[in-house]
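Here is what TrEMBL records for this protein:
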{"type": "TRANSMEM", "residues": "12-30", "note": "transmembrane segment"}
{"type": "DOMAIN", "residues": "64-168", "note": "domain 'Glycosyltransferase RgtA/B/C/D-like'"}
{"type": "TRANSMEM", "residues": "96-114", "note": "transmembrane segment"}
{"type": "TRANSMEM", "residues": "143-161", "note": "transmembrane segment"}
{"type": "TRANSMEM", "residues": "204-235", "note": "transmembrane segment"}
{"type": "TRANSMEM", "residues": "247-274", "note": "transmembrane segment"}
{"type": "TRANSMEM", "residues": "294-317", "note": "transmembrane segment"}
{"type": "TRANSMEM", "residues": "329-349", "note": "transmembrane segment"}
{"type": "TRANSMEM", "residues": "355-375", "note": "transmembrane segment"}
{"type": "TRANSMEM", "residues": "387-408", "note": "transmembrane segment"}
{"type": "TRANSMEM", "residues": "414-435", "note": "transmembrane segment"}
{"type": "TRANSMEM", "residues": "442-462", "note": "transmembrane segment"}
């Protein structure tokens, strides 16, 4: 592993690795329902209307997230494409770049906390995680949020550790254990610490990041930082180090960045945006299972073996040992980052897989450190049993390369078989290395697992699932027929349809689609099978003869139901 560290090599290695797993599928994967499609369409409407204050999905105010992510997507689309285009990659590019930058920053900050080799392994674990790779492929806020989290928490960790180092150098260490000032902790020497500590520039960057993070996803990053500070304060009974971060000045800086847009959007919407964001989105998520996305406390822990896969090979055996490392300053701050953040999302009733992503960098760095140190837990019988169980996830993903095209595509071919075999082999290699006790080599081999799995899934299997992407299929049929009149859809209202067919797409019921066709003889309508009877009854009353251009059978994964769309138009008299 020493050959991979030193100089620019880790940065080049991590960048190439991110490119290898994040880029495939960026343009070929259709817009995902529902959040990503709403983000992309709202960004398009910003560009169409030149209104960069209000966030709209068609005529509806989208009071879910602040404007930061939309601005970045709009900049990308305006620079590299055009609002009328249905290319997805310009909308997704900010997420890819943010995911890459988050990985690089994880290594940069990790190197100062736990040393270069553990930090490199930790950054590889983060980059290869299924959750981050998924978010890097979607035009949403979560990869951007992760970047802000790593930037803020990395600076916070530096202030904490170097502040404690100053205390120890002056003989003023408070309670909280006789910890070393470096990443190695009480028993193992860590990287050299500059007791002069970070200065005003880093403090201002921290607060600048907080302001930007608020514009990306509201108060999430500030809350994570506050929880980290509170946890460290309780553990150490000492927050003197916080003074060097200039909290009063910093709060003003963060507010100066975030407040102008909130003031502008409040004026533009008569205060409706902020009110709806709090009462219609934030509070329902805190008080109940918003939009049926509920789950029991502990769900994220159960899902972590999949969300952090393939890095869960190394994380699961040591997760119960992390608390024992709390006297080590690097682990102390990483635990204060990961544990309260994780518990917060476990307690909140609304559960979505990406919520716990901000805790992943801290977990990845701790797993990387303990792997390089050769923790005894990796050799226990329970750990070896876990290595066998862990393989099941890779085998399931390999099976998906064949099963998904069978059920939701046009069948599988030799490429699917080769991809499945490659995933199986790339899953077994790190498991065998871990079984034999070669933990560092197993950790590095997880990069091979990710490189074999994600391009096959995101660029091969998923884009081929025509039956799962009904909006794309419908848009292809509409495009082949040609019509200058906006399309109306009855019984099928997925946001991706608006992105494919344009902002003026109409949503209605069966009777409304029939009336629309009568009023617009050159139009096309999409009628879902559950609305077909109502459409037929009204179209008969209207005396319009209808021509069926296509029947599209598929699966609406947002609703978990099969769907059938008829593409219909009025016959020429």
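Don't overthink the numbers, they just go from 1 along the chain as shown.
Even glycines carry a Cβ here, placed using N, Cα and C.
Taking every listed stretch (12-30, 143-161, 247-274, 414-435) in turn, the largest tally of C-beta pairs under 8 A with the transmembrane segment (204-235) is reached by 143-161.
Between the transmembrane segment (143-161) and the stretches 96-114, 294-317, 329-349, 355-375, 414-435, the greatest number of Cβ pairs separated by less than 8 Å involves 96-114.
By the Cβ criterion (distance under 8 Å, sequence gap of 6 or more), the transmembrane segment (96-114) is not counted as touching the transmembrane segment (387-408), fewer than 3 such pairs being found. Counting same-chain residues at least six beyond the ends of the transmembrane segment (355-375), those with a Cβ under 8 angstroms from any Cβ of the stretch are 1, 102, 106, 110, 113-115, 117-126, 129, 131-132, 135, 142, 145-146, 149-150, 153, 183, 188, 220-221, 224, 300, 304, 307-308, 311, 314-315, 317-318, 321-322, 325, 330-331, 334-335, 337-338, 341-342, 345, 348, 439-440, 443. Confidence across the domain 'Glycosyltransferase RgtA/B/C/D-like' (64-168), taken as the mean pLDDT and rounded to a whole number, stands at 96. Across 12-30, 414-435, 442-462, the stretch most heavily in contact with the transmembrane segment (387-408), judged by Cβ pairs under 8 Å, is 414-435. A contact between the transmembrane segment (414-435) and the transmembrane segment (294-317) is present, since 3 or more of their C-beta pairs, 6 or more residues apart, lie under 8 Å. Here the domain 'Glycosyltransferase RgtA/B/C/D-like' (64-168) is broken down by DSSP into helix, strand and coil counts: 86 helix, 0 strand, 19 coil. Listed as Cβ neighbours of the transmembrane segment (247-274) (distance under 8 Å, sequence separation of 6 or more from its ends, same chain) are residues 53-55, 61, 63, 66-67, 203-204, 206-208, 210-212, 214-215, 222.
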